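Trainee: Next up is a structure, given as structure tokens.
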Amino acid sequence: MGLLIYFTYSPGLFDRLYWNRTPGLFIALFVVGLRIWFLSAKIRYLSESRLSWPASFRVVLCWEFTSSVTPSTIGGGPMATYVMTREKLSLGQSSAIVIYGIMLDQLLLIFAIPMLFGIGLYFSVIPEGAGLAGHGLMFLIYLLLLGYAGFLTYGVFRNPYILKRTVNFVFSLPFLRRYRYKIAREAEVLESYSHELRKKPRSFLLRAFGLSVMAWLAKVWLPGIVVLSFVPADVLLSFLRGVAMTLAGMFMPTPGGSGGLEGLYALFMGSLMERREFLGIAVFMWRLISFYVVVGAGLMAMSWYLNVKVVDVVNEKKTDEP
């Protein structure tokens, strides 16, 4: 990000800003808050209101914090499971909520990626600056995401046995064999939970899916809102580029996608900005709002659990004293 700002900055940059557009950054901040609310509502709904609203917000913020400081391919599911146990849910209930939440996101990809392919026939969703190799790479990433989402969704909702068999086969490979017994137990839990899911009424799935869609829309709108806060741009194309960029960013191996996401933003959003000198500051504000604000809020949520843990330990010691 520093290099991007260095190479795009020019003297007098702030004198040329469209200051009447910059209040859009507050809209971007509001959208981040809206996304957190939808995610919290989904977690609370999946827990069937066993989690209170404050607890749901804490769980989501811890989940987002862990997702932001670990590689994109790892995510914050394990942390979310742990903190839900701190909210007096059983490990089985916590795992089920996390798995169901992830499945809903995968189900969303099954609809979003084909739509993106279709819309790409009429709009320049992947910028020309990506070149032929870039287009091919993005196409491959989207196909891999679609295949993964399709297989996982089919396995959980339709055929859990084949999902368990596949997981056991993968972890029977020599370099993964040491994890196979632990994974086999988790696969049994996943198979058991998938049978429970199929007992849920369709209305339960639809409402939870709707909350996932709203949270996801808030996330993919954010890059475009930041662009529009600095320069006039094509609103629809900025939204579509935000969708494509978010999907591509799911493969970033660095913590929170650091480094790679900034490059993706420059690639997908840079061509929408009539003044390229604004690109560096746009990337900075986007990362500040979408990453650092969430990390800060998540850190406070994590510290709340640490404080509660300390209080519990102190109370236990007092109880043990004669």
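Count begins at 1; order follows the chain as displayed.
Just so you know, glycine gets a Cβ as well, placed from its N, Cα and C.
Pasting the relevant annotations from TrEMBL:
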- 23-41: transmembrane segment (TRANSMEM)
- 97-125: transmembrane segment (TRANSMEM)
- 137-157: transmembrane segment (TRANSMEM)
- 204-231: transmembrane segment (TRANSMEM)
- 243-267: transmembrane segment (TRANSMEM)
- 279-306: transmembrane segment (TRANSMEM)
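Help me understand the surroundings of these features in the structure.
Mentor: Long-range contacts of the transmembrane segment (137-157) within the same chain, counting only residues at least 6 positions beyond its ends with a Cβ under 8 Å from a Cβ of the stretch, are 99, 103, 106-107, 109-110, 113-114, 116-117, 126, 130, 163, 166, 190, 194, 197-198, 244, 247-248, 250-251.
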Trainee: Who are the chain neighbours of the transmembrane segment (204-231) in space, where the CB to CB distance is under 8 Å and they lie at least 6 residues beyond its ends?
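Mentor: Same-chain contacts beyond the ends: 17-18, 21-25, 27-28, 31-32, 34-35, 38-39, 41-42, 45-46, 100-101, 104-105, 107-108, 112, 238-239, 241-243, 245-246, 265, 268-269, 272-275, 278, 281-282, 285-286, 289-290.
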